[in-house]
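Per TrEMBL, compositional bias 'Basic and acidic residues' is recorded for 1-15, 663-682. Annotated compositional bias 'Acidic residues' per TrEMBL: 696-705, in sequence order. Look at TrEMBL and you will find 66-94 tagged as domain 'DEAD-box RNA helicase Q'. What TrEMBL lists as domain 'Helicase ATP-binding' is 97-271. What TrEMBL lists as domain 'Helicase C-terminal' is 293-446. Per TrEMBL, the feature region 'Disordered' maps to 1-44, 663-737. According to TrEMBL, the motif 'Q motif' annotation covers 66-94.
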Amino acid sequence: MAKQSRAKDGDEIRLLETWIDAGKPLPGTKPPPPSEDSSAANARGRARVVVAKAAAGEYSDYGASTRFDELPLSTKTKDALRQQGYKEMSEIQRAALPHALCGRDVLGAAKTGSGKTLAFVIPVIEKLYREKWSQEDGVGCIILSPTNDLAGQIWEVVRKVGKHHNFSGGAIVKRTGIEQEKERINSLNILVCTPGRLVQHFDETPNFDCSNLQILVLDEADQILDQNFKSQVDIIISQIPKVRQTLLFSATQTKSVKDLARVSLKNPEYISVHEQAITATPDNLEQCAMIVPLEQKLNMLWSFIKRHLKSKILVFLSSVKQVKFVYEIFKKLRPGIPLKCMHGRMKYEVQQAIVAEFSESTSVLFSTDIFARGLDIGNVDWVVQVDCPESVALYIHRVGRTARYNKKGKSLIFLCPEEERMLEKLKATESKIPINVRKPKVEQLEQISQNVAAVLVKFPNLQQLGKRAFVTYLKSVYLQGDKEVFDLSRFSAESFAAYASSLGLPVTPKIRFVSHKKNVSKKDMEDIGVKQMKHKAEVIEIKPQVKRDMLADDGPDDDILYPKKPNPDANIYGGLDEILSPKVPGADTHMEAEKIEELVARPLKKKKLKINMHRPVGTRVKYDDEGNAIDPLASLAEEVGPEDVIHKDKILQRYAEMLREMQEDDKEDKAQHKKSLQEKKFEKKMKLKRRRQEETDAVSDDSGSESDRNTNTSSKGKKKYFNNSDDDEGGHAAKGGDLLAQQEALALKLLGKMHH
Ligand SMILES: Nc1ncnc2c1ncn2[C@@H]1O[C@H](COP(=O)(O)OP(=O)(O)OP(=O)(O)O)[C@@H](O)[C@H]1O
């Protein structure tokens, strides 16, 4: 049987190779527009004729195919595609597959959700099939993806399309431990992984061999080729054969020759199927923007969710801490729709489970940008960007999580007045993003800051989270590279205090910014999700300024949350009234066991800050107790007065406690820091002492007198203690060592006491 099947495969491979060679499109050509006679029955008939002709030795040009079964593909692949319901090809598939199947390098760009994955998965499977690849041949294809989740998703597509083939493969992600992966990686034919994980295998897996690699794929190629992955990609390229096929795909493609040179494409086909399109985003996507002051964002998000309880909503926030905080707070406030959250700090299995749940149900998923690219979840109704994306490209990827493959979708972005430059960028002709600006109606906005404050009082652990959310948000703005959009100095001091207050925080948290790139920790980068921190040492100026109250401006017909009448301009497919579904009755805000009615209004008195932040760093620097320069923002935080706290007794009391706790924490931190410095100093001293002792011992060893030899017995023992504590001599000497250790411990203890 196996022999028979091999022979059958052999015949098919010969036929496919001749067909591919005889009917290949000319380099640089695009497929003609689909013929008018494209009814399903006719197309099926045509496909049958094409295949029969090929079998009879008449090979048709397949560059004009519109259906998968008209392409020179193996029966196994065609069967799997049919079983998955794939018949007609999408534009990018029509344009890219003919070139990729005949072995050309491809640089493909097409809108989000347009089917790019199949455009590279099919050539991968077919190439290995025609090469008669088997397990013993090792790694034949590497598909690089920027995230583990996306790698998992791509692997699923490979598995489904290749299910009748005999290849092995897998997503090399964090799920399995690296040790287990090391054992099996050389027997996998198709690897789907992040650049980082692959480099780890090059570094750590003995005999990891990619010398037979046939095909390299970069999904989300522009991201994989950016600075963040540069060193890893360079290592990968240096470890794989130069002669190979390379496929690069993304919705926002890199055109940088330098970038492309790094992956050494050979006469690549540049395929950008939507280059002439009027929009860079899917046609079925309705996009809106709202200018929302920082301190109103949470209220706005809450109000939006409350009015879309029957929708599947994906919410993007800029940091892990914010995602956690908003998720936890909203969970306590119970909007009346299931809530989920997702970020890079979660285990891979948990992420997978959340994705699966979100795919199935109507719910709200709060996420960092881990979810922004590539992930394919069916029927997302809304993408809401609470925090501004770092670039127009990221905006396109985020909104692309909805309106996928001919489905409809809507998106909404909140931009602070200070970030209006981003709106200009989105609206610029070259961005090709049809976005409508809407103004919310202030009287209909639900104000939840008192409720949030009450939740913080009841759940003190959320106070810390709130503080971290505040800090990471500001950090994320500070660390962004595009200073035209992200500039902390444009925010007024009052708006930070108001923002802290909107998060339920009694005081504006103290912040100290790092001023040099090298000082930005990896954890910060992960927390914030900032990929590239291009900023140099720079001045942060916080200019107290009169805030334009955007919400007070009650424009006509432009209320996205609660429109009076539909705006015909914004009505792309059926009107905003469908988007802005009326509030579902009986789903009012209710907090977990809290008595919200106990809380009174919490007016935030705007205190005029006395510090002048206009001056650049260097002309006016403040220092803390330890002599460190304090960032202007940190000083700003200190200026927040007691009048900024909530008036209600209970909350006041709690806040007073919190303040005390924070001061205590500060004190403890300082003491701890001092202690650890002294401990380090002490350890260093002891090490030096030990080394000197050893040197003295060594010198004694070299002397030859009888008496010296006696002394040597013990000094040798001492040396042996450090190397080998098993033998008797060593054991004896270990006592000496123990003594030393005891003395060290005692000294450390004393030191500790001194600083308490
Ligand atoms: N020819 C096709 N017929 C029907 N559905 C298809 C076809 N090709 C792809 N799809 C479906 O379209 C959806 C989007 O495809 P895919 O994830 O490949 O898009 P993409 O272009 O890679 O998007 P992104 O840029 O966001 O990564 C998937 O659910 C996929 O199953």
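Glycine is treated like the rest: Cβ placed from N, Cα and C.
Within the model, the domain 'Helicase ATP-binding' (97-271) carries an average pLDDT of 92.
DSSP labels the residues of the compositional bias 'Basic and acidic residues' (663-682) in these numbers: 20 helix, 0 strand, 0 coil. Sorting each residue of the motif 'Q motif' (66-94) by its DSSP state yields 16 helix, 2 strand, 11 coil.
Residue counts for the compositional bias 'Basic and acidic residues' (1-15) under DSSP, split into helix (H, G, I), strand (E, B) and coil, are 14 helix, 0 strand, 1 coil.
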